[in-house]
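Visitor: Just passing along the structure, written as structure tokens.
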Amino acid sequence: DYVVVKMIPDNRLPPRHLHSVHTGKTFAVIKWESPYDSPDQDMLYAVAVKDLVRKTDKIYKVKTRNSTVEYTIKKLEPGGKYHVIVQLGNMSKESSMKINTVPLSAPDALKIITENDHILLFWKSLALKESNFNESRGYEIHMFDSLMNITAYLGNTTENFFKVSNLKIGHNYSFTVQARCLYSGQMCGEPATLLYDELGAGEDSSAAKPGRSTDVAAIVVPVLFLLLVTLGIGFVVLYMRHRRLQNSFTAFANSHYSSRLGSAIFSSGDDLGDEDDEAPMITGFSDDVPMVIA
């Protein structure tokens, strides 16, 4: 024996099992179940999103008959904090949760270049990989002195480098660079951290080695380029001289070539001078001497 009992739906109950499925930089996917199983009509939900940083509210309406509801909240800000409330449109009991969106990424390729009395921090532009970042927002730089156990705010910049001076010899520092924090430091990007050991006595620290190698490269590369250019010019000059000598020799050999003998005839300067002195001057030809034309 059995009996079927149908419960009367209670629209004053809150949505069940409200939770976050996925959270990005500018959106969040939330999911919940209806106050009771298998609704027999469309149910209107009110989704209220409270921005805990900006102190603003937005309300979205969702109408569905599904027992399980999935909804995407859009137009959020990276690194933001939100309070989400879901309830039926008749202002029944509510279900709530908090959401923190993913902050902006840390800047890439943070490195240090050491100078005589200061250091320079360099990094890649965050706009190269973050479409939600505008360079006008800028970056902020912090420094931690491990010896003094003090964290200092050094300032902010819209450039991709920052100059740091007045470092103390023998102190170890940690530098962080991140997207500038908004709304009283509540919405910040992820920090990029780099260690710097100031050893003093002219010794290089491990963090400063990339900068020093860059300085060496800046000197070696132009020198190698000049050497290559010099060698190239030298090869061209030698080649031109070789061609000129070859052409001169060819012209000289052709001027002494005898078609009768089939070879070139060369004489010393002395022999040529003697022949010129001793050979009689030819003034003409006799009629009885035959002329042979080869």
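Yeah, the Cβs are placed from backbone N, Cα and C, and that goes for glycine too.
As listed in TrEMBL for this protein:
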DOMAIN    14-109  domain 'Fibronectin type-III'
TRANSMEM  216-239  transmembrane segment
Visitor: Which residue counts does DSSP give the domain 'Fibronectin type-III' (14-109) for helix, strand and coil?
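Guide: With helix first, then strand, then coil, the domain 'Fibronectin type-III' (14-109) has 0 helix, 52 strand, 44 coil.
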Visitor: Across the whole of the domain 'Fibronectin type-III' (14-109), what does the mean pLDDT come to? Round it, please.
Guide: 93
